[in-house]
Each structure stands twice: as structure tokens, then as C-alpha cells.
Amino acid sequence: MSNVSFLELQYKLSKNKMLRKPSRMFSRDRQSSGLSSPGPGGFSQPSVNEMRRVFSRFDLDKDGKISQTEYKVVLRALGQERAIEDVPKIFKAVDLDGDGFIDFREFIDAYKRSGGIRSSDIRNSFWTFDLNGDGKISAEEVMSVLWKLGERCSLEDCNRMVRAVDADGDGLVNMEEFIKMMSSNNV
């Protein structure tokens, strides 16, 4: 497969929801929101509802299944052009009933077979947001990625998101801060 697996993209998209709502990132409500307990490596695993929201981000025409074309659109939006050639292989591995599409059951099964979220997924997610490759994520970069994914947010909103995670007060999110946020049980 490619360096950007089907499951890494699921993870990246599932986390965008939290980046848009920084006030909920560390709330006690999230502790009892249906998230399962931490998985391997101590990382919180998404609930079925979160996975359904991720699935719907891929299912652009809302027909209950993901086509290869829809999957490629998401790859392009994430700047992962190199991975497009691997889409047929990904679908061959995930499309268990052989109908040429990935339905929600197959989507969940693929996630479960992968063992959930890995630290490499979190690092790859960081680099998706770090558009200029300087090792830090700015509010402008967050806004750019979210806009590419069809999420409309203001620069002010993105600044609040960054401040919610920025432990050292430099106005940017570094890898350590990003990993701490993503691996928190309260995410």
C-alpha cells in the first residue's frame, strides 16, 4: 500500500472535527461521550458516531458508500497526490463484498483490522497540517487544510484552536504539543 493508508486518512479527517471545536477538545463531556477507552499506545479510539462522521466526509454523494473517485477527491484535498495510484489496491483490501465500493461496515472493519490509531498516524496527520514543513502548525495552515476539506472557518477560529493546544505560548503547534493533544484521553 502507500505511505498514506486508508486508515491514516480516516484518522486525519476524524480529528478535524476537534480542531474546529477547541472548546470541546479537553472537556469532561468528551470523557463520557461514547469514546472507547484508549487503544494501543494509549491513544483514544473514535466512537462509532465519530467514525460515521468520518465516513460521511468520504461519501461525497451521500449514497451510503465510498467510490474510488470520492476517495481520490479526499486524497487530493489532503495534498496526497502520490497516494492516488494506490487507491485500487486499497479498495481491493477493504471492499470485502467486491462491489467496487466501501460501505460503512467495511469502513469499520478495515479500521478494526488495522489495530486503530498508531503514533505514525498522528505524525502523518501533523505533517498534513504543517504545509510549509517548518515543524510547526500555524492558524493559517489549519485554516488552509480545513478549507481544502470543505470546512469553512475564520482565521480567528483557527487562532483559538491553535491557542487551545499551544503549551509553550509561541502561537504555533509543534509536534510535541500535537502528539500530546491527540494522545490525550480527553481529546
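Just so it is clear, glycine is given a Cβ too, placed from its N, Cα and C backbone atoms.
As annotated by Swiss-Prot, region 'Disordered' applies to 21-47. Feature annotation from Swiss-Prot assigns compositional bias 'Low complexity' to 32-47. Summarising the annotation, Swiss-Prot assigns domain 'EF-hand 1' to 46-81. The Ca(2+) 1 binding site annotation in Swiss-Prot covers Asp59, Asp61, Asp63, Lys65, Glu70. Annotation source Swiss-Prot lists domain 'EF-hand 2' at 82-117, citing sequence analysis. Here Swiss-Prot flags Asp95, Asp97, Asp99, Glu106 as Ca(2+) 2 binding site. What Swiss-Prot lists as domain 'EF-hand 3' is 129-152, and the listing cites sequence analysis. Swiss-Prot lists Asp130, Asn132, Asp134, Lys136, Glu141 with the feature Ca(2+) 3 binding site, giving sequence analysis as the kind of evidence. The domain 'EF-hand 4' annotation in Swiss-Prot covers 153-187 and is backed by sequence analysis. Sequence annotations record features per position, and here Swiss-Prot assigns Ca(2+) 4 binding site to Asp166, Asp168, Asp170, Glu177 based on sequence analysis.
Between the CA atoms of Asp95 (Ca(2+) 2 binding site) and Asp61 (Ca(2+) 1 binding site) there is a gap of 18 Å. Listed in sequence order, Glu141 are the same-chain residues six or more apart from Asn132 (Ca(2+) 3 binding site) with CB atoms under 8 A from its CB. Helix, strand and coil content of the domain 'EF-hand 3' (129-152), in residues and according to DSSP, is 11 helix, 2 strand, 11 coil. For Asp134 (Ca(2+) 3 binding site), other Cβ atoms within 10 Å of its Cβ number 11. Here the candidates are the binding-site residues Asp59, Glu70, Asp97, Glu177, and by Cα distance the one nearest Asp134 (Ca(2+) 3 binding site) turns out to be Glu177.
Per Cα geometry, Asp168 is the residue among the binding-site residues Asp59, Lys65, Glu70, Glu106, Asp168 nearest to Lys136 (Ca(2+) 3 binding site). Other Cβ atoms within 10 Å of the Cβ of Asp95 (Ca(2+) 2 binding site), summed over all protein chains shown, number 18.
Sequence-distant contacts (6 or more apart, same chain, Cβ under 8 Å) of Asp97 (Ca(2+) 2 binding site) comprise Asp103, Glu106. Glu177 (Ca(2+) 4 binding site) and Asp130 (Ca(2+) 3 binding site) have their C-alpha atoms 13 Å apart, to the nearest angstrom. In sequence order, Asn174, Glu177 make up the list of same-chain residues 6 or more apart from Asp168 (Ca(2+) 4 binding site) whose Cβ falls under 8 Å from its Cβ. On the backbone, the CA of Asp170 (Ca(2+) 4 binding site) and the CA of Asp130 (Ca(2+) 3 binding site) stand 15 Å apart. Checked against Asp63 (Ca(2+) 1 binding site) by C-alpha proximity, the binding-site residues Asp99, Asp130, Asp166 yield Asp99 as the nearest. Asp170 (Ca(2+) 4 binding site) falls within neither a helix nor a strand when secondary structure is assigned with DSSP, and so counts as coil.
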